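**Q** Got a structure here, written out as structure tokens. Questions coming.
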């Protein structure tokens with residue numbers, strides 16, 4: 001894709017001036033993060049990293065990503081209700097991956113006790129890259145779907161205005177007017193609002209479950225403020241607070257500090273380091289409660305890499321979404337090649353294929369949060385080490401997607417201004433609510449474009465690699 005800003009990239013004086021305007025515009029718009037030095041203090045903040053210029057995105061692929069989001073919402077919800085599928089799919093993984101195994105044990109315990117929760121809220125983000133074929137055409141290929149703590153819906157709601165200002169300063173008002181409005185923070189909040197209403201207790205609060213270190217607090221505050229604006233009380237608590245002060249009454253209503261909790265919105269709990277023994281006990285207490293968990297543990301398991309790989313097997317989508325042939329076709333069109341490393345002849349063959357040609361693939365563990373995937377020589381070394389061990393079943397192998405790079409400037413606090421060869425990843429936020437068996441909300445709620453220099457194989461904005469961006473449709 002040709003960059004629409006070639007003339008700007010050649011004009012160093014214009015770039016320097018635009019960068020100064022961009023940083024001030026970001027601070028003014030609230031595109032903010034706390035600093036690494038003071039990650040829990042808001043009296044020292046800086047702008048979240050972002051691109052100087054919006055990145056070109058093919059409009060047909062952008063529309064395709066939006067069009068398939070409701071299908072993915074239905075799929076995630078169907079998986080979360082299918083105990084037999086989750087048991088069978090995760091059987092090999094839970095033998096070797098302790099984190100997934102502990103989540104699964106809580107899932108089974110809650111099912112055996114009987115679900116107290118009757119309203120289910122899903123907030124997910126399906127992430128894609130644009131795979132450039134040998135003939136130069138691009139195709140939309142899914143990287144993963146995040147079903148827990150999908151972030152940056154707040155900050156990306158404010159990024160388009162910054163890019164619009166930059167384009168105007170560069171004399172491109174016409175192009176600035178073509179940037180799409182985008183407000184995921186409102187869309188995500190409306191999902192939480194509806195779940196809170198369906199829970200049916202006007203005095204109950206929404207609890208954001210947050211990490212000990214909260215650099216990305218302003219992203220969460222964008223969603224939180226939408227709730228306060230609708231007179232819904234929000235509290236912010238950590239797992240340790242739940243362990244110390246959380247309780248259930250006889251009807252399994254959840255109480256924190258004497259306040260009934262209607263909705264628990266997880267912005268934490270997606271990686272092993274989020275848990276010690278107390279935190280696991282807190283997670284079990286939350287899952288046993290009547291409160292609407294976003295996500296409940298079954299939905300978190302639906303987002304595992306092993307499930308993603310199983311979905312690519314012939315017939316799986318048809319069994320999960322019967323009588324929805326068009327949805328199945330839309331979903332399948334976004335899949336890249338995914339391969340199982342399960343123990344057996346087929347898995348042996350796949351492992352050997354990846355060791356022989358590691359640059360063709362990505363090796364993915366069952367982890368969220370960016371910065372976990374393995375590429376190239378590192379992929380080969382790890383696979384050689386575990387090729388004859390059951391440990392390899394805790395990974396999946398995926399075809400490496402090869403996007404067409406474009407030039408841009410990545411603005412980071414205290415970093416020199418230099419042009420980089422970049423690739424982008426498009427995420428679409430989805431929100432759905434099910435009450436009992438009835439789907440009462442199912443929609444796409446906005447988008448997130450993240451861009452990184454091509455020398456970085458893996459990692460998102462929170463991981464310090466990618467930066468926020470705005471799509472410019474071409």
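Using N, Cα and C of the backbone, Cβ positions are placed for all residues, glycine too.
Okay, these came from TrEMBL:
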BINDING   125, 148-151, 214-216, 220, 267-270, 450, 461-462  substrate binding site
BINDING   144, 146, 368  Mg(2+) binding site
BINDING   144, 305, 364-373, 375, 398-401, 425, 452, 458  ATP binding site
DOMAIN    204-302  domain 'Glutathione synthase substrate-binding'
**Q** Spatially speaking, which of the binding-site residues 144, 146, 365, 400, 452 is closest to residue 220 (substrate binding site)? Use C-alpha to C-alpha, please.
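**A** Looking at Cα distances from residue 220 (substrate binding site), the smallest one goes to 146.
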**Q** How many Å lie between the Cα of residue 375 (ATP binding site) and the Cα of residue 144 (Mg(2+) binding site)?
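**A** It is 16 Å, counting Cα to Cα.
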**Q** Just to be sure I understand the packing, how many Cβ atoms besides its own are within 10 Å of the Cβ of residue 368 (Mg(2+) binding site)?
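**A** So the Cβ neighbour count for residue 368 (Mg(2+) binding site) comes to 19.
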**Q** I'd like to confirm something. Which of the binding-site residues, 365, 368, 400, 452, has a Cα closest to the Cα of residue 149 (substrate binding site)?
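**A** With Cα distances computed to residue 149 (substrate binding site), the winner among 365, 368, 400, 452 is 368.
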**Q** Using the alpha carbons only, what distance in Å do you get between residue 215 (substrate binding site) and residue 144 (Mg(2+) binding site) once rounded?
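**A** On Cα coordinates alone, these residues lie 24 Å apart.
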**Q** If you skip the near sequence neighbours and keep only those at least six away, which residues in the chain come within under 8 angstroms of residue 144 (Mg(2+) binding site), Cβ to Cβ?
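**A** Those within reach of residue 144 (Mg(2+) binding site), by Cβ under 8 Å and sequence separation of 6 or more, are 126, 127, 303, 305, 308, 364.
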**Q** How does the domain 'Glutathione synthase substrate-binding' (204-302) divide up by DSSP, counting helix, then strand, then coil residues?
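**A** Counts, helix then strand then coil: 40 helix, 26 strand, 33 coil.
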**Q** Write down the Cα-Cα distance for residue 452 (ATP binding site) and residue 125 (substrate binding site), rounded and given in Å.
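**A** Checking the Cα atoms of residue 125 (substrate binding site) and residue 452 (ATP binding site) gives a distance of 18 Å.
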**Q** Just how many other Cβ atoms lie inside 10 Å of the Cβ on residue 146 (Mg(2+) binding site)?
**A** 22
**Q** List the Cα distance (Å, whole number) between residue 268 (substrate binding site) and residue 368 (Mg(2+) binding site).
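**A** A Cα-Cα distance of 11 Å.
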**Q** Can you tell me how far the Cα of residue 151 (substrate binding site) sits from the Cα of residue 452 (ATP binding site), in Å?
**A** 17
**Q** Whole-number Å distance between the CA of residue 365 (ATP binding site) and the CA of residue 270 (substrate binding site)?
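**A** Counting only the Cα atoms, the answer is 13 Å.
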**Q** What Cα-Cα separation, expressed in whole Å, is found between residue 270 (substrate binding site) and residue 368 (Mg(2+) binding site)?
**A** 6
